[in-house]
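A.B. asks: Quick one: structure below, then a few questions.
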Amino acid sequence: MIEPDRLISAVSGREREEQLDRAIRPLKLADYIGQPSVREQMELFIHAARGRQEALDHTLIFGPPGLGKTTLANIIAQEMGVSIKSTSGPVLERPGDLAALLTNLEAGDVLFVDEIHRLSPIVEEVLYPAMEDFQLDIMIGEGPAARSIKLDLPPFTLVGATTRAGMLTNPLRDRFGIVQRLEFYNVEDLATIVSRSAGILGLQIETQGAAEIAKRARGTPRIANRLLRRVRDFAEVRGQGDITRVIADKALNLLDVDERGFDHLDRRLLLTMIDKFDGGPVGIDNLAAALSEERHTIEDVLEPYLIQQGYIMRTPRGRVVTRHAYLHFGLNIPKRLGPGVTSDLFTSEDGN
């Protein structure tokens with residue numbers, strides 16, 4: 001049996017991590033590092049909306065996990081000087097769930113819906129008139145006596161976030177006046193983020209130490225901040241507390257994060273494709289079965305960075321590894337990958 005004080009300690013530790021996460025999140029666009037185009041555009045749109053004393057247009061933010069979609073939604077509310085209410089697509093199971101949120105919004109408020117691509121069709125139908133006309137259609141009664149009434153809503157801003165913009169229905173996508181895509185971060189911006197977070201956490205970190213963490217963070221701020229906290233643990237226990245390049249390198253090697261930012265699962269994915277499927281092509285379902293992982297884990301968590309870095313390609317016949325994957329593991333490159341992938345990979349069959 002677990003002792004009560006251990007349970008209390010575990011909760012406190014989790015709360016501390018959540019508090020740290022909130023502390024290192026920027027609250028203003030001026031503090032939002034990276035994504036220069038998105039930052040400049042949002043600054044313009046927000047300034048214009050505030051000048052007209054209007055709610056900001058509905059905004060869709062999409063991109064791989066961990067790039068700052070939730071952070072940007074909170075910044076929008078902060079910059080507009082309004083409140084934000086947060087929920088997610090899977091939570092809104094019934095129209096009444098959405099109606100309860102909408103009717104509690106004040107003028108100009110932000111409603112943030114994470115994983116908006118997972119909204120049920122029946123909830124989407126309620127959302128359309130709310131977004132377009134700021135009206136809520138509610139059915140009262142049942143059977144022949146049922147009737148529809150319209151409730152006026154205050155102007156509000158819906159901010160939707162998704163890792164899969166392609167899964168949004170056209171009617172929903174078309175109702176967003178602002179659409180922003182977040183890209184993977186470069187090492188310089190990530191190093192700046194790591195240094196900023198270290199300062200907030202009261203850590204001493206050298207420029208090279210921040211750069212070492214940034215190099216292995218897969219272009220993702222969330223991962224960079226997570227690695228920073230683990231390197232901090234290593235520095236406090238096995239070092240002098242300061243984070244140098246050497247300390248960061250030793251800590252990340254202990255965490256099994258290599259120089260490209262690949263962890264055990266990334267390497268397992270690439271080696272499975274090379275060893276079991278001769279480098280591909282392999283369908284996503286076969287790959288998921290071979291790895292004993294969920295399909296969406298591969299598509300949403302692993303693949304985006306590996307594709308962006310040129311280690312995997314999607315073809316009509318399935319996924320294939322590139323020559324970079326063989327070079328990464330010090331393996332001989334197959335002849336077919338000499339000048340490039342042979343053209344027969346790009347014909348017939350669907351690789352999904």
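Glycine is treated like the rest: Cβ placed from N, Cα and C.
What Swiss-Prot records for 4-185 is region 'Large ATPase domain (RuvB-L)'. Per Swiss-Prot, the feature ATP binding site maps to Ile24, Arg25, Gly66, Lys69, Thr70, Thr71, Glu132, Asp133, Phe134, Arg175, Tyr185, Arg222. Residues or ranges marked as Mg(2+) binding site by Swiss-Prot on the basis of sequence analysis: Thr70. Annotation comment: Swiss-Prot describes 186-256 as region 'Small ATPAse domain (RuvB-S)'. Residues annotated as region 'Head domain (RuvB-H)' in Swiss-Prot: 259-352. Per Swiss-Prot, DNA binding site is recorded for Arg295, Arg314, Arg319.
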A.B. asks: How big is the Cα-to-Cα gap, in Å, between Phe134 (ATP binding site) and Arg319 (DNA binding site)?
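C.D. replies: Answer for this pair: 44 Å between alpha carbons.
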A.B. asks: At 10 angstroms around each C-beta, which of the binding-site residues Gly66, Phe134 has the fewest other C-beta atoms nearby?
C.D. replies: Phe134
A.B. asks: What counts of helix, strand and coil residues does DSSP assign across the region 'Small ATPAse domain (RuvB-S)' (186-256)?
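C.D. replies: Helix (H, G, I), strand (E, B), coil: 51 helix, 2 strand, 18 coil.
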A.B. asks: Within 10 Å of each Cβ, count the other Cβ atoms and name the one among the binding-site residues Ile24, Arg314 with the highest count.
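C.D. replies: Most Cβ neighbours within 10 Å: Ile24.
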A.B. asks: To the nearest whole angstrom, what is the C-alpha distance linking Tyr185 (ATP binding site) and Arg314 (DNA binding site)?
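C.D. replies: Spelling it out, the Cα of Tyr185 (ATP binding site) and the Cα of Arg314 (DNA binding site) are 22 Å apart.
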A.B. asks: What's the longest C-alpha separation between any two of Ile24, Arg25, Gly66, Lys69, Thr70, Thr71, Glu132, Asp133, Phe134, Arg175, Tyr185, Arg222, the listed ATP-binding residues, in angstrom?
C.D. replies: 37
A.B. asks: Of the binding-site residues listed here (Ile24, Gly66, Thr70, Glu132), which is spatially closest to Arg295 (DNA binding site) when Cα positions are compared?
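C.D. replies: In terms of Cα distance, Arg295 (DNA binding site) lies closest to Gly66.
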A.B. asks: Highest CB neighbour count within 10 A among the binding-site residues Arg295, Arg319?
C.D. replies: Arg319
